[in-house]
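A.B. asks: Below: one structure in structure tokens.
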Amino acid sequence: MAESRDQVLIDFQAVTGIDDFDLCTSILTQHDWNLERAVNSIMGFGSPEGSGFPVDEIGPSPAEPSLEDPMLGLNRDLRAGLFEGAGVSSRPSEHGASDMAAGPSYSSSSLNYAVRMIHFNVEYRDKNTPVVLPDNETVGKIKEILEVELGIPKDKQELKGLVKRKVDDSTRLSDLYLPRENSLYLLTPQITNPTVNKTQTQEGEGTSQGLEGEREYMLNITYNDGMRSKLYNLKFDCNKTVRDVKQSLNSLTDVPVRHQAWSGWGQPVSDQDKLYSCGLKHPTHELEMSRSDDTSNAKVSEPEEMEVDSDDEDTGLENFSLEDDLFSQEEPRTSRRLEPLMPDGVEDEKTALTQFSQEFVNRYGECRPQFFLGSLDDAIQESLAVKATDRKLLAVYLHHDGSIFSNVFCSQLLCAEGIVNYLSVHFITWAWDLTSSSNSTRFIQTATRHFGSLAATQMRSYTQDQLPALLLISRAKATNEVIDAIQGHITLDEMMTRLIHAVDVFQGQKQADIAEEREREARELIKKEQDAAYQESLAADRAKSEAQKLEDDKKKEELDRLMQEQRKVEDEKKEEEQRKEAISRDVASRVPEEPSTDHKGKVSRLRFRVPGGDVINRRFLASHCLRDLLNFLIASGFHIEDYKVLTTYPRRDVSVLEKSATLESLKLYPQETLILEER
């Protein structure tokens, strides 16, 4: 059990990136050491996009707020009530600052652990509101502070970004295992007035604009290159920015962001605007994009992008300067055309996979799975065809440049830090590009050899829209088996859950294989010990060879005696055979004649299966008695003292029945198969 928990702890730290041993142990203990539930309970760690798990901001040690802590900007009475409820004094000290600046104190009646200060940055429209609370407060306290700051009723607030599981206002922050710094989104789906009154926001009266819940937009983007049009159907989360959309089209069309001309937005937009604020139709919106080589106009078009609030004037100018810098650094004047991940008509798999790995880095960055550079045969030998203690799962990534999911799957899922870390610990990852028909055929042939025709047929049936795919392959009883196929339209959380589930199943099989290997090794060790003992015995026999020569005469005499006894037995056996032959000849005269085939009376047709596989067919009158049947067998050389005569079903020995009984009364009429079995 200890070994199993150690492995679970290692897996948990690999997935979440949490280095604190005590915190990891505490979380796993609360979830009965179930890895999947423990990971799901903290999937809210990290950025809202779920692109990794921070490792430097999670820990049980209490944080000490400074005088510059954003919490000090809250209403003093409200702040005092919060800390008094947590057992922390907020009375001014003799130095003129609140006591909480010197570290939290503890109430013996309500606290038996160190209070951590949790920092939240709550984003609502274009406004960010800092909230700082001790971890023994509840989620509802966050909403109370936001009600004071923004004027939005508590019952109309929805907070997104805490954790992936369901929480309510009574949930304590300490039960969520949050890092010190957190980013939240405030949604107000029950407030339908889309107008934003900036004056009211500045005066603290609150706004009435909500995101109308978390959404996903299906953007039908028509790209016109001047000669033909192509439609791309891309799905984006409502919190993605306009620049994310443009960069996705850059990957698909090779048109740099600065050369893209767009139409169809619901209102003037900037690259930093999030999709929920762009006036898009839900769930589907139509957009058009074309190439514009006029770079001078690209930077000054849509002047509305430069408008900023009076309160944020400095920030707006700074962002505008940063955006110019991004254009100059990230968008070179000469666009590099995307090279194929793998050349057409691969001959050398290692060379092809080296190109695949390099081009993958060029497209999606350095944070990516470590692809195995070698043939699929070598990858299987490295991962599955080894001792059970060294065995790993094999992940086969199948790519297709024509799929609309490939870019999103690679950039946002396969290259997510948590996924990369988990794959490196538990998997050997091998990749192949199915864009070329010749490469696809080569892969199917290899897959048929290793995974069987059924799995290969399923892979062959994948359409372009069903790719990319990540095949998870295990080994059970010397057979490679595809245990899961993760396709490109999955979410990050679902992908991580399925990877964890596959590893859990694999670990169970692995432990069984390890136990079987140990038993086999124990048997081999015993065999070696027996062989060694046998050799020692032979050596002892050689040493005694001279002494054994003295006994040779006695053995010869004994052998002569045995041979004489054997000859005597053979003579007796021969006499017995002669006796039986005489009996057979005598009995043959008493066997009734076989009725003809056209006999009108009741005829019983019997088949005798004799030892050796032969079959004897014989007809008797139904009125003949059992003695006649047995005499026939004796005359044929099958004496009843040596053989049983058995019926097939129900099984019974008729040789022990009343000899005078007729065949019809013994149910051997009209036909029956009898088996002669040696006694």
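Using N, Cα and C of the backbone, Cβ positions are placed for all residues, glycine too.
Below, the features straight out of TrEMBL:
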COMPBIAS  285-296  compositional bias 'Basic and acidic residues'
COMPBIAS  303-321  compositional bias 'Acidic residues'
COMPBIAS  539-600  compositional bias 'Basic and acidic residues'
DOMAIN    118-193  domain 'Ubiquitin-like'
DOMAIN    599-676  domain 'UBX'
REGION    285-321  region 'Disordered'
REGION    536-600  region 'Disordered'
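I would like each feature placed in context: is it buried or exposed, what are its neighbours, and how far apart are things?
C.D. replies: Across the compositional bias 'Basic and acidic residues' (539-600), DSSP helix (H, G, I), strand (E, B) and coil residues number 47 helix, 0 strand, 15 coil.
Shown for the domain 'Ubiquitin-like' (118-193): DSSP residue counts in helix, strand and coil, namely 19 helix, 27 strand, 30 coil.
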A.B. asks: The domain 'UBX' (599-676): mean pLDDT?
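C.D. replies: Taking every residue of the domain 'UBX' (599-676) together, the mean pLDDT is 90.
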